[in-house]
Amino acid sequence: MSGAALGLEIVFVFFLALFLLHRYGDFKKQHRLVIIATLLAWYLCFLIVFILPLDVSTTIYNRCKLAVNSSPAESNGSYVTLAPSKQKCFKPWSYIPDGIMPIFWRVVYWTSQFLTWILLPFMQSYARSGGFSITGKIKTALIENAIYYGTYLLIFGAFLIYVAVNPNFNLQWNQLQTIGIAAANTWGLFLLVLLLGYGLVEIPRSHWNGAKRGYLLMKTYFKAAKLMTEKADAEENLEDIMEEVRKVSESIKYNHPLRKCVDTILKKCPTEYQERMGRNMDDYEDFDERQNSYPSEKSLAKLHKQVIYSVQRHRRTQVQWQILLEQAFYLEDVAKNESSATRQFVHTFHSQEPENKIIQYFYTPTVEWYWECLLRPWFYRVLAVVLAIFSVIVVWSECTFFSTKPVLSLFAVFIQLAEKTYNYIYIEMACFLTIFFLSICVYSTVFRIRVFNYYYLASHHQTDAYSLLFSGMLFCRLTPPLCLNFLGLTHMDATISHKNTQPTAYTSIMGSMRVLSFIADGFYIYYPMLVVILCIATYFSLGTRCLNLLGFQQFMGDSEMTSDLIDEGKELIRREKRKRQRQEEGENRRREWKERYGNRDDSTRSRAVHTDQKESSFSETNANRPLSKYTRSNGRTERDRIELLQDAEPLDFNADSVNDDPLESDSGR
């Protein structure tokens, strides 16, 4: 089993990251480089979270070997060995051989740092660029990132000059590397505590509110009202952009040098707009440079960027509206079925997507009623209580993990108790649950937050390239300080435990933070205590109330604006429900008509076909007879018909009045 656990987790985490990226991204429409870069960033961050418990168990086993193979008073280089254990050290099932983990962590960490600080910011600007060529997009990305990269170079250059001038500093390359890592982790820890304080309260509360049917339904009505406003705004914005595209397309003709750029813009437009512009465009008219003023390539690039953004936003709001309607209809069905005497779940509308036969066999209407109306609320309440207990433990440990005598961090107590008995399964499970819960609190906040339309992760393949790349940047910056914070909570970090024992392979890659004592002994220890204040602010919804005061509508039960939006959303859902009911009634009537009169129509159709065959055979028989006798008369009849058609004058439907009296008309033939 040596190294097998590492290989299994590497494969499992890859498919997990691929599944999540498929849920939020669009593999068919988005650029391959965007998909690959985002997948790599998510994969490396998830991999660190899953592999770190194996590193902890392997480190504990190595400490046990040093303790058994050395005497109590013996010193082994830079390590002071522990007292020999009375029992033999058993190798864990997930033991990773020496030398693998340091190389693994070094590759994973520096790859993620290269992504978050260099590659992903450049790809963000490249994805948002409206250029029409690869060279133009790269040029735009370099210009936009010049200030971004220049700030880093300025800070790093000023630091190097200060170190070179000051004789008290004699820093080597390893120490400079450690300072860079400490600076990156400090920035990540600052953002980590903010997101963690929100997630520790909001995740248990969201599951507790998930058991309240009335609460979920009211919140869905509120979302419907807000989404309808955003949907109307997106449609209006798209109409304005398409009008600009139409004007540009009509002004720049087929033989203009910039016509290729216009064609590229037209390809990004929706199909109905492309057909409309194609019908109104006359490509056979030449352009005249002296008479007309044409837009520049820079303005076309700006228009191209606006088209991409408006089309993406319009498509996202349309999909989200349909999903929200399904959710609202389902919650209304749950509210109706709670008082059902038959105890069978009845849907108002049938699912538009075909359901799996295996799911239909086991998840019957009776099972669905018991789950949705009885079991699911209690399950959510129990889960919310368990998550709340975890949150309390995390907050307590964040405030007390710096205390080593006595050990007050509960996570450190659990790990040290298991370390005495060398129960590696318990150690790995405890470490995994701890870091997994911390990751859920942080990563779920990244998926939930929305910065206007600048950053927004929308499910069902509706996330744009810029938001995907930005999420990859956040994950790569948050994961290393998250892991260091976890090691500090469990006292596996020598900086926190103040023990000169063998460190984990992950800590050895990070280097000794003693180079910057004010960060190691100050910021890393006392700043996480701020999570208490953030949890209190989140519990009383202070951020939501501030946004509501600033004019950003937020769901608050005691707000008059919230009540008005709930009523508006309820009316919108009721209107859409009546519309869908009429559509289903029309489809049912057409289906019944086909079932009732389908055979009669088939017989009538076959009789008509048989009659047509007879007439065609009769005409063919007459055609074979000599027709010289009737040729002249038929020709005269045909000429007379043509003359009558030529004499007929077209009616003028654009006239102001219609004269019904033929005697008063000018053409009174």
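The backbone N, Cα and C atoms fix where each Cβ goes, glycine too.
Those TrEMBL annotations? Automatic predictions, nothing curated.
On the 0 to 100 pLDDT scale, the model's mean across the coiled coil (224-251) is 92. Residues or ranges marked as coiled coil in TrEMBL: 224-251.
Among the features that TrEMBL reports, compositional bias 'Basic and acidic residues' is placed at 582-617 (among others).
The annotation compositional bias 'Polar residues' is assigned in TrEMBL to 618-634.
As annotated by TrEMBL, compositional bias 'Basic and acidic residues' applies to 635-644 (among others).
What TrEMBL records for 658-669 is compositional bias 'Acidic residues'.
Look at TrEMBL and you will find 576-669 tagged as region 'Disordered'.
The transmembrane segment annotation in TrEMBL covers 6-21 (among others).
The transmembrane segment annotation in TrEMBL covers 33-52 (among others). When Cβ-Cβ distances below 8 Å are used as the criterion, the transmembrane segment (33-52) is approached by residues 6, 9-10, 12-14, 16-18, 20-21, 25, 27, 104, 108-109, 111-112, 115-116, 119-120, 123, 127, 431-432, 435-436, 439, 465, 468-469, 471-473, 475-476, 478-480, 482-483, 486-487, 506 of the same chain, each at least six residues removed from its ends.
Distant neighbours of the transmembrane segment (103-126): 6, 33-34, 37, 40-41, 44-45, 47-48, 51, 55, 137-138, 140-142, 144-145, 148, 152, 184, 466, 469-470, 472-473, 476-477, 479-480, 505-506, 509; these residues of the same chain sit at least 6 beyond its ends, with a Cβ under 8 Å from one of its Cβ atoms. Residues annotated as transmembrane segment in TrEMBL: 103-126 (among others).
Residues or ranges marked as transmembrane segment by TrEMBL: 146-165 (among others).
What TrEMBL lists as transmembrane segment is 177-201 (among others). Long-range Cβ contacts of the transmembrane segment (177-201) within its own chain (Cβ-Cβ under 8 Å, at least 6 residues beyond either end) map to 113, 117, 159, 171, 391, 394-395, 438, 440-442, 444-446, 474, 477-482, 484-485, 510-513, 515-516, 519-520, 523-524, 527-528, 530-531, 533-535, 537-539.
Annotated transmembrane segment per TrEMBL: 378-396 (among others), in sequence order.
Annotation source TrEMBL lists transmembrane segment at 425-446 (among others). Proximity of distant same-chain residues to the transmembrane segment (425-446), defined by a Cβ-Cβ separation under 8 Å and at least 6 residues beyond the stretch ends, is recorded for 49-50, 52-54, 56-57, 60, 92-94, 192, 195-196, 198-200, 202-203, 387, 390-391, 394, 411, 414-415, 418-419, 457, 471, 474-475, 478, 482-483, 485-486, 489-490.
Residues 21, 24-25, 30, 34, 37-38, 40-42, 44-45, 48-49, 52, 56, 109, 112-113, 115-116, 120-121, 123-124, 127-128, 181, 184-189, 191-192, 195, 394, 397-398, 401, 409, 411-412, 431, 434-435, 438-439, 442-443, 446-447, 455-458, 495-496, 504, 506-507, 510, 524, 528 of the same chain sit 6 or more residues outside the transmembrane segment (466-489) yet have a Cβ under 8 Å from a Cβ within it. Feature annotation from TrEMBL assigns transmembrane segment to 466-489 (among others).
Annotation source TrEMBL lists transmembrane segment at 523-542 (among others).
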Using a Cβ-Cβ cut-off of under 8 Å, list the residues of the same chain that are 6+ residues beyond the ends of the transmembrane segment (6-21) and lie near it.
35, 38-39, 42-43, 46-47, 50-51, 54, 94, 96, 100, 104, 468
Chain residues outside the transmembrane segment (378-396) and at least six past its termini with a C-beta under 8 angstroms from it
196, 200-201, 203-205, 207-208, 210-211, 408-411, 437-438, 441, 489, 531-532, 535
